[in-house]
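J.: What TrEMBL records for this protein is below:
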{"type": "ACT_SITE", "residues": "A:421", "note": "active site, proton acceptor"}
{"type": "BINDING", "residues": "A:138, A:177", "note": "FAD binding site"}
{"type": "DOMAIN", "residues": "A:16-132", "note": "domain 'Acyl-coenzyme A oxidase N-terminal'"}
{"type": "DOMAIN", "residues": "A:274-436", "note": "domain 'Acyl-CoA oxidase C-alpha1'"}
{"type": "DOMAIN", "residues": "A:474-651", "note": "domain 'Acyl-CoA oxidase C-terminal'"}
């Protein structure tokens, strides 16, 4: 039975939840396929996540391996294949709690970096799981800056082998998933030396554990890096190499080869490879970043209509906490952001597919723009969604702090997305570098890529809004975002030039501008996200009910951004103080409007109770009953040796006399 | 041996670290006492926290009980008493990882709420640990709004007993510490009924477990609420009461009593009791909020001078990451905030001591102001410090995400401070209510408490700064903060009045202003914190070296606040855009200045390596060696059954054929 406080929220939906779900999935058919995958996974007890919050890191690891192995069987049974329409839903349905993800990265790196011969040898072995692969790039002392990696691979011409070494502790491989306990092989990135000359970083296939008994191979020291804030199910590992010899054929050689005599040969263009790395940043957004925010919104919003606290009106019963403006102001902008980023993700996916087709035709023109967009949006979306999940957690008060709410694990996991696949600040500076370059080019009348043509059209006008309703016009707010992005880019470019002209060295000048460059990159992405949301809404004209609520969310997303960052809009007088008061008024009005559809808007994300794994967020809203029943199963409700050892002697006063 | 990259940072300190430590402690003598306590605790293996990051919730609980019991012995040995000068350092030295904290709250509540007779009976029992107490107020469905508690205590005149019940699941006690597994007794808050009439919430002493064998008493259902984001060492519990009978004498009756015939008598003033609850919010700031931020700053800043990443200047070695402006901009404002909040905490402690003396003299005039300040600062400081710890964690990249960095546990613990002892948004609204009241009074020419007299003096001037150096003048920026606080309070008061005058009901109008009321309350606290920091710096005239660096930190704290919230200062033109550019310039200049003293500034916090419990933050900066050695001890480096069960059959292809 559904909690009446939750049921009543669904009776007044202004749109069809089912139709919105289909829109989010891409089509009703996609929804059907997704649900079938979810049903197959969730009805299988091997994939259960029920005890997850009670398990130790060791138990989580074991469960993840069990699931990964079972998944092979399941896919066969269900007829799911890597190229089938179901594939992309499997990982999401498992909520990521599965091993061997790096095995896939191992395979992809061979496919992309290996010669045809290497592919023919290794891919079948990996596909049949005759080995388990990992991918060892990051070192204890080296992350983002790949050129700084210290592991060495010295070519021994006589033996036709590479000798791999970890010359010092900071060179130890550190973090690779599946490497701590599972992997038998890994791709190692190392500085290549031939005849004493360094040729830079190259990839090598190295066996690290015996295929017979899983013992470490000679010269290998590997293990698990220990507890982390989340990802307990993954055996992130370390790897020390001491004179480990591998055959010449184990250097992945699609782009570079060492001939038997030690001649180093570079061949082909690596650009497609760089593009592959770029696309990873986009590909993780959906499952790793948007899904957690959508789950957090679902949990927090459902809970906020069930939880009652204090009285809004004297004499009435306690109010649902979602009826408080402050609670709306916490949660509803996160909901709007989840939709905004869902649509920008669609846009980026499409752009990258187009880019891929162009690159296959040897047209690399789009690469700089794609790199800038993927870097900037990876950073902006991970940052925004991480903050959003934290807000949802805190908005649930004490119960949000219980692991049983599901929110702590969503938070501790999504937080990592701000760090992996490129630390966010560094990525934003990559985007900024592109913006500055394009701004200079545009100022000199040169052509620039489509996403930055707006930089050429620096207008010095004022925001034309006359009343608060004008701020519900996408033209008005999109223009304002554009204005800010241009201003921040142009003013930082000017500062940079001033510094250089005043004699500051170029790299110092750049460093002195980085705080502002980061602001410019964020403003650029924010502008594109708002513009894209507004354009998406416009295209929904055949779906009146959905278009209307999406328009509200788009407005909220845009106005929340202005309200939270008023200085950027007020700075040069583009927006006046009076207009800012209109923004505030419209923004606060919108909260009350969207609040009415808040529950249907999270229902449309269509998460099952098992997938949410939350005592606060279930579809029926029976929060208290579920917390109580679940807590009773906790291992902390077993007898503790603390009683016999410490409490009893204390209470019975039989502790040796003080 | 100290890492040379860290050692070099200490050689150029512009001030005496030892003298700054003494300033923070209050005197060199206090420093000596503190260090003696730390030494005694840390040299005792029973108090070791070495394995903490590897332990399960059950193991953490057991260790916390062991430490709590051992602490009794230690205190006796060392001659430490509850009123001695050492006492306040013990908990900090234990890093809070100890049980029976609620036992102290149990005792305090009896001392404050109990009659002399009750105190005489229960306090000796508690002091001698003949029982273990807890404090059961919060319910599954009820937190901040105490009047909403649902547990009932019905007086049975015939039996001279109260009958306690949990009428429905939302009325179950939930969260009380030490109650899940340890406590034998607890103070239960329940709605008192006599002869069918409800007299509201009252406190009752209830025994929940046998003193003989620790089994649950008749009618009691209690246990542990399961895993949380942190506080694994605490057995937060639940409690269900079913017709539990307790003698009439067990209702704590300093302020209210039920006579044998059922007559309800109210006596004395509860104001001192409300004041006690208010002071708890202030008393937690130092250990629970400031210490974690100071630790996080220590870890992140030491790591940032040891970690090298990318090249700042072409051809040179990789740069220390603290040399990047973006890294400075993350960490140094947190350092400045740690100092700012340390000094405001001193100010609040003094104010509350004065308030206590007044209240004992039956002068309750200061109560509203103290309540407003304690609510506002509890919220602002916990919010700011929680965000600061998260920034420190993220600024350490991947290694910050390892539990071994110490940062995840600092974050997950400090986060709770935003929720407990009053949820922050609700507290800020309490402060706002006080501000609005005082603003109205001041506008009507009535006297108002000292901390808000500035609200009466609404000036409509402009910021007089003419160049970026002017923004290093405390008068200039303090005035700007004051202006913003007045503007936000007055404009929200005006909105509130407008709404009411236009016919909106008072409670609706209030709700529609709450987002802005929260802003006003924050601005008020921020203004007082800046003003207090500036005044503190002024008083350091006899300590030139320390005064200079504290002045820099004060400037940074103030300018960071403006830079991060420019809209508030630009809004009505008090600060012009040109002036805001000066703020930015001065702010960025300051980062480079303070960066030089960053390590000495965290050294002055004087945390031992054991107390930091961090592979990244140790005094010698041997980060990589320590991470490696520590990780090897992780239980995840023991053999896992996953190999025999799943990996071996997979690799040997002996899994039942797909």
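Count begins at 1; order follows the chain as displayed.
Here the Cβ of each residue, glycine as well, is placed from N, Cα and C on the backbone.
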J.: If we take A:138, A:177, A:421 as the recorded positions, which have a Cβ under 8 Å from chain B?
T.: A:138
J.: Using a Cβ-Cβ cut-off under 8 angstroms and a sequence gap of six or more, which residues of the chain neighbour the residue listed as 'active site, proton acceptor'?
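T.: Result: A:280, A:281, A:284, A:378.
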J.: So, three-state DSSP: helix, strand or coil for the residue listed as 'active site, proton acceptor'?
T.: coil
J.: What is the pLDDT of the domain 'Acyl-CoA oxidase C-terminal' (A:474-651) when averaged and given as a whole number?
T.: 97
J.: Going by DSSP, give the three-state secondary structure for residue A:138 (FAD binding site).
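T.: Looking at the DSSP assignment, residue A:138 (FAD binding site) belongs to neither helix nor strand, so coil.
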J.: Take the domain 'Acyl-coenzyme A oxidase N-terminal' (A:16-132) and count its residues per DSSP category (helix H/G/I, strand E/B, coil), listing them in that order.
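T.: Taking each residue of the domain 'Acyl-coenzyme A oxidase N-terminal' (A:16-132) in turn, the totals are 84 helix, 0 strand, 33 coil.
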J.: Output, ordered by sequence, the same-chain residues six or more apart from residue A:177 (FAD binding site) with a CB under 8 Å from its CB, or 'none'.
T.: A:101, A:102, A:134, A:135, A:231, A:234, A:235, A:236, A:237
J.: Return the count of C-beta atoms lying within 10 angstroms of the C-beta of residue A:138 (FAD binding site), excluding that atom itself.
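T.: Step by step: centre on the Cβ of residue A:138 (FAD binding site), count other Cβ atoms within 10 Å, giving 20.
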